[in-house]
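Step one of this worksheet: look at the structure below.
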Amino acid sequence: MGKEDKTHINVVVIGHVDSGKSTTTGHLIYQCGGIDKRTIEKFEKEAAELGKGSFKYAWVLDKLKAERERGITIDIALWKFETPKYYVTVIDAPGHRDFIKNMITGTSQADCAILIIAAGTGEFEAGISKDGQTREHALLAYTLGVKQLIVAINKMDTANWAEARYQEIIKETSNFIKKVGFNPKAVAFVPISGFNGDNMLTPSTNCPWYKGWEKETKAGKFTGKTLLEAIDSIEPPKRPTDKPLRLPLQDVYKIGGIGTVPVGRIETGVLKPGMVVTFAPSNVTTEVKSVEMHHEQLAEGQPGDNVGFNVKNVSVKEIRRGNVAGDSKNDPPMGAASFTAQVIVMNHPGQVGAGYAPVLDCHTAHIACKFAELLEKIDRRTGKATESAPKFIKSGDSAIVKMIPSKPMCVEAFTDYPPLGRFAVRDMRQTVAVGVIKAVEKSSAAAAKVTKSAAKAAKK
């Protein structure tokens, strides 16, 4: 397999704060990843000097995190590792205070979640207790459409690799993930030590009783022994090239001698020079002159690509971050007058009722929206209504809500365009709720601007 032929997949690592997420992720990146040996040796030396030798993998990760949080643009390759089949990017490990927001507006949808559970006495119980963040993160992943899961039972060395303990944990965890919505039969359970490396890349000699993991999905039956093999058995994502174009703008630049250059990540569809695109909710239509990525011209940009594209006769004042570009001839994007969404309240101290108007983060847009009407309260797991027209909802509740944006914004139903159909509700400087959009009432188009070049291109 040539270097270029491997599929890229994204994983998100979830679990309780002390489950060993950093150590486990650090180990994978360390052994199969983009951290060059020099950096590692530097980190190891620092760790040893500070008496943190026992944390070496986590230390590597902490260094990367610290640099990333200080805004030093850290080489993102450091968060990647390679398996025989895939290039894997670790999207964001929780614990990061913006984890939830990142997971929703995040640069990408995770293809699989890796749930890390600590086997130590008391640790496991704390991790999946009722108020545990583990439950919250797992539910969040599931609600946001992450349908594949791997469970790694970590710190097996602290449980002396006892088979009985492992079986007990598997039984409990199976019930736990079933309640969240995952099917345990389709999940690989792997006993590991993220620190010592058991069953990470090579089978451990410490658990002769362990015959390997197995999972059964629509695609068939898979078996293996290590965490790496479990990651390799993730089903590859179908990238949405066949859908109409949706490209939320991250920035719009004015470049001397070239003109206006919007920049963003293609979420669905393709973008090619010569295409006529419409920006919503600005309602501007124009022709794309050129498309480039990493300073190279592209014949075609695809989902996942972060591109800049040059548009003709459009000023920087007319389009902005949060606008969405789409193909003017194929389901062009439009502003939303209102939308209904399933909203899950996560950590709001009080009650939320009609009239609440927090800020929504949806793709690159950041706009206040009013909870106009609480239509029904629903059971998070089954999606069935439990109460119609509730007066209030509080933490832990889920409801179908009609929402009205305070100013024009472009969103879509989650089933049509997932990245444009999930949002975080921010208030008091934290994520207080998350939502998945069910339906959108598009606004009747205001006066539209169509540039001359677009009109000319349309006649061709």
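The backbone N, Cα and C atoms fix where each Cβ goes, and this holds for glycine too.
Swiss-Prot tags one of the stretches 15-22, 167-174, 303-310, 391-398 as region 'G1', and that stretch is 15-22. Within the listed segments 92-95, 256-259, 428-431, Swiss-Prot records region 'G3' for the stretch 92-95. Over the region 'G1' (15-22), the average per-residue pLDDT in this prediction is 72. Remote same-chain residues near the region 'G4' (154-157) are listed as 15, 19-20, 23-24, 116-120, 123, 166, 191-196, 198, 206-207 (criterion: CB distance under 8 Å, separation of at least six residues from the stretch ends). Other Cβ atoms within 10 Å of the Cβ of Asp18 (GTP binding site), summed over all protein chains shown, number 14. For the recorded site, Lys317 (N6,N6-dimethyllysine), the DSSP three-state label reads coil. Using Cα positions, the member of the modified residues Lys80, Lys317, Lys391 nearest to Asp18 (GTP binding site) is identified as Lys80. For the pair formed by Lys317 (N6,N6-dimethyllysine) and Lys21 (GTP binding site), distance between Cα atoms is given as 44 Å, rounded to the nearest Å.
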